[in-house]
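Student: Just passing along the structure, written as structure tokens.
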């Protein structure tokens with residue numbers, strides 16, 4: 001049974017091009033499920049019944065797992081059984097008509113532009129090359145709206161300050177080129193010219209942002225850095241995701257259209273961008289209609305100033 005799980009994870013990597021973080025999440029969710037099923041002595045995946053699935057979901061509920069966690073694990077299990085059915089490893093799919101718990105989507109609140117400005121100035125109070133590094137990281141994260149996983153995955157070769165552009169590899173290995181201008185470009189240039197060489201121990205790591213050992217900074221490392229600055233501002237709930245959300249909200253408030261923000265964030269669907277930015281459903285529908293029928297009349301109906 002474990003072998004088929006490994007084959008499924010390999011399929012997600014090779015065939016679907018999912019990122020390492022996503023694969024790791026699938027493994028975490030499905031490992032627990034596999035252990036549960038093995039203990040029930042079902043013998044093979046073809047013997048797993050709907051009752052087994054319901055028993056697992058009840059187990060998670062009794063263990064007081066968050067509804068969002070249960071919903072995510074249900075989705076992973078469904079994907080796994082769809083794969084098994086496609087491979088003819090099972091004849092019937094026990095996850096058909098299996099309902100996932102409804103999850104309320106709690107999005108982080110956007111901080112104000114003034115709060116962003118305060119945050120971006122704080123690294124200047126940190127002495128040494130780390131201050132310039134932190135300044136560059138925060139500036140780039142807010143200026144581009146990229147995910148923190150994308151930020152720490154950047155290599156020096158992804159930056160082209162001559163044309164003010166950063167190459168970013170997003171979900172499903174989709175590449176997008178993001179503009180980097182103004183204070184973000186200046187901060188990044190200063191970091192590269194002055195600080196990075198001081199932080200780098202052997203000069204061999206291609207990573208753009210380095211930790212104190214000269215190695216690639218991790219997501220957890222960035223989180224600790226951000227948390228330290230956020231607490232100094234009294235913003236204890238600030239997360240990297242909050243900065244991404246603030247970027248999108250502020251872009252719309254400045255008159256950027258929904259499609260442009262969608263492309264910058266790397267969203268496959270505009271509905272995701274609509275949820276991210278608290279844009280009304282009616283506004284998104286109007287934009288879709290205008291995009292499908294690009295007439296002057298329709299374009300005039302779409303209002304993007306907030």
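Along the chain as shown, the residues are counted starting at 1.
Using N, Cα and C of the backbone, Cβ positions are placed for all residues, glycine too.
Copied straight from Swiss-Prot:
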type	residues	note
DOMAIN	1-85	domain 'Core-binding (CB)'
DOMAIN	106-289	domain 'Tyr recombinase'
ACT_SITE	147	active site
ACT_SITE	171	active site
ACT_SITE	241	active site
ACT_SITE	244	active site
ACT_SITE	267	active site
ACT_SITE	276	active site, O-(3'-phospho-DNA)-tyrosine intermediate
Student: Among the active-site residues 171, 241, 244, whose Cα is within 10 A of the Cα of residue 267 (active site)?
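Tutor: Those near residue 267 (active site) - Cα within 10 Å - are 171, in sequence order.
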Student: For the domain 'Core-binding (CB)' (1-85), what are the DSSP-based totals of helix, strand and coil residues?
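Tutor: Result for the domain 'Core-binding (CB)' (1-85), in helix, strand, coil order: 68 helix, 0 strand, 17 coil.
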Student: If you draw a 10 Å sphere around the Cβ of residue 147 (active site), how many other Cβ atoms fall inside it, taking every protein chain shown into account?
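Tutor: Looking across every protein chain shown, the total is 20.
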Student: Give the distance between the Cα atoms of residue 241 (active site) and residue 171 (active site), rounded to the nearest whole Å.
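Tutor: A Cα-Cα distance of 15 Å.
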Student: What is the interatomic distance between the Cα atoms of residue 244 (active site) and residue 147 (active site), given in whole Å?
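Tutor: Residue 244 (active site) and residue 147 (active site) have their Cα atoms 7 Å apart.
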Student: Need one number: mean pLDDT over the domain 'Tyr recombinase' (106-289).
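Tutor: Looking only at the domain 'Tyr recombinase' (106-289), pLDDT averages out to 87.
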Student: Which one, from the active-site residues 241, 244, 267, has the smallest tally of other C-beta atoms lying within 10 Å of its C-beta?
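Tutor: Ranked by other Cβ atoms within 10 Å, the active-site residues 241, 244, 267 bottom out at 241.
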Student: Tell me which residues of the chain lie with their Cβ under 8 angstroms from that of residue 171 (active site), as long as they are six or more apart in sequence?
Tutor: 18, 19, 22, 266, 268
